[in-house]
Amino acid sequence: MMRRAVLLAFLASQAAARLAPQPSAARTVALRADGSNFKQAAVARGGASAKSSVPASTLNLAKNIVGSGVLALPAGVAAYSSARGASAPACLLIAALGAVSAYCFALVGRACAATGTSTYRGAWEKTVGPGTGGLITGICSFKTLVGCVSYCIIIGDTGTALAKKLGAPALLARRDVLLSTVGAAVLFPLSMLRDLKSLAPTSMLGLAGMLYTALVVVLRGLDGSYAGDGKMLAALVAEGKPTPAFGTGSSPGGALLLVSMLATSFIAHYNAANFYVELENPTLARYGTVAGLGFSIAVAFFCAVATFGHRTFGSAAQGFILNSFADADALANVAKSLVGVAVAFTYPLLFKGARDGLFELLGSSDDDKENMRTPVTAALVAVTVLAGVTIRDLGFVVARVSSASFGGAILGSAIIYILPTIIMLAADAKGVMALSPAEKLACRGVNLMGYVLAVLGGAASILARMGKL
């Protein structure tokens with residue numbers, strides 16, 4: 001099942017990128033004549049030294065997608081059903097949404113190539129029209145900035161817990177001191193890196209941390225430590241924690257919650273143009289490989305954690321699955337620490353989208369961006385760190401502005417599904433690209449699906465806040 005899920009995501013991105021119809025000959029000549037073709041735009045933004053290889057870009061993309069949210073999936077499956085086989089349909093849903101998300105990610109790169117632009121907003125303005133370009137930037141910037149705040153909250157939670165467990169001095173275990181230190185020593189330097197290539201080493205480390213965490217979840221689902229006479233089950237009882245529980249049947253409301261959770265789990269599309277611009281020899285085939293591999297890795301992570309987390313705990317799976325493990329479980333305790341590290345290394349990928357979006361909204365020239373790069377980076381990092389110190393409940397962010405909220409569901413669905421397909425259909429209507437009848441139908445279908453998922457996500461948020469989910 002998991003192998004098929006990964007393959008589906010990979011093939012979808014390949015279909016979007018490798019088999020993509022190229023811009024018409026007339027359009028290509030026009031782009032070259034006015035100096036606005038894609039490769040020139042890429043050089044203007046990053047230059048040859050800023051280019052990222054396919055492996056480096058793939059690691060960055062996978063880490064961009066695989067954040068701490070993956071650890072909430074077992075609870076999402078449990079909300080749908082506590083039956084032992086509930087993870088099978090969940091994995092099919094993960095694969096389907098991962099495949100569609102990969103396809104839409106590839107669409108953004110194709111649009112940039114066809115229009116000679118180097119940003120999500122640029123592709124929109126060249127195809128749909130310049131009047132609403134600022135709205136695209138605003139949506140993407142807001143979502144990424146909120147993500148940075150969420151990550152600071154997680155770093156504060158995991159960091160302070162780890163510091164206390166290790167017996168650190170009381171001053172260092174204080175949330176404000178710890179987050180300020182991490183912000184100055186880790187988040188700010190990483191956020192100052194200029195391109196995706198420079199972030200590849202930290203993405204590899206962050207992905208390794210999440211891989212370890214996923215392996216712990218898989219191991220505990222296979223070794224029986226939390227079942228029967230398992231020693232970790234005994235530890236849960238001794239600690240007064242909920243023990244694994246399984247049942248039958250399913251909940252329509254829980255299914256709605258799971259769908260809304262997964263609908264925006266694969267969001268990385270605000271950085272899609274960056275991944276294309278900064279790719280070595282940016283061809284559609286190479287970009288399609290990055291999208292296919294990156295999303296396939298994410299699907300594999302999601303399926304593994306959802307399946308084995310639910311298999312281990314059933315209805316006792318908590319929103320942050322590592323909290324379901326016994327305090328005496330040494331492997332899980334290491335995983336909790338590594339999640340904080342992984343989140344810190346993912347932060348700059350989101351931050352890049354927020355900072356670039358702010359410069360776009362301000363209409364900054366290249367010289368202005370260079371001159372303001374350091375103070376703007378310092379200010380934005382400080383704002384997110386301060387929010388992480390002040391807001392101690394991640395649920396506060398989730399309930400109001402994250403992907404699980406009413407607004408978050410709409411914005412997330414717009415970024416992933418709705419806007420890319422609108423761009424492609426507009427490009428076809430204007431003769432910028434010539435889509436086949438089958439792909440036009442596919443784009444219309446995905447566009448409609450995006451609106452449906454936005455409505456379902458919004459409904460799930462309202463019902464959850466009313467206590468009916």
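Even glycines carry a Cβ here, placed using N, Cα and C.
Just so you know, TrEMBL annotations never went through curation; they're auto-generated.
Remember, predicted model here, so these are calculated numbers, not experimental data.
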Quiz item: Which range, 53-78, 131-156, does TrEMBL list as transmembrane segment?
Solution: 131-156
Quiz item: Is it the case that the transmembrane segment (284-309) and the transmembrane segment (90-111) have 3 or more CB pairs under 8 Å, with pairs at least 6 apart in sequence?
Solution: yes
Self-check item: Most Cβ pairs under 8 Å with the transmembrane segment (177-193), selected from 131-156, 330-351, 446-464
Solution: 330-351
Practice problem: Would you mind listing the long-range same-chain contacts of the transmembrane segment (199-222), meaning Cβ under 8 Å and 6+ residues beyond its ends? | Solution: 52, 56-57, 59-60, 62-64, 66, 70-71, 74, 190, 193, 232, 297, 301, 304-305, 307-309, 311-312, 321-322, 325, 329, 331-332, 334-335, 338-339, 341-346, 348-349
Practice problem: Check the transmembrane segment (330-351) against each of 90-111, 131-156, 371-391 and return whichever range has the most CB pairs under 8 Å. | Solution: 131-156
Exercise. Sort out for me which stretch, of 131-156, 254-272, 371-391, 446-464, has the most Cβ pairs below 8 angstroms to the transmembrane segment (90-111).
Key: 254-272
Quiz item: Is the transmembrane segment (446-464) packed against any residues at least 6 beyond its ends, judged by a Cβ distance under 8 Å, and which are they?
Solution: 100, 103-104, 253, 256-257, 259-260, 263-264, 403-406, 408-410, 412-414, 416-418, 421-422, 425
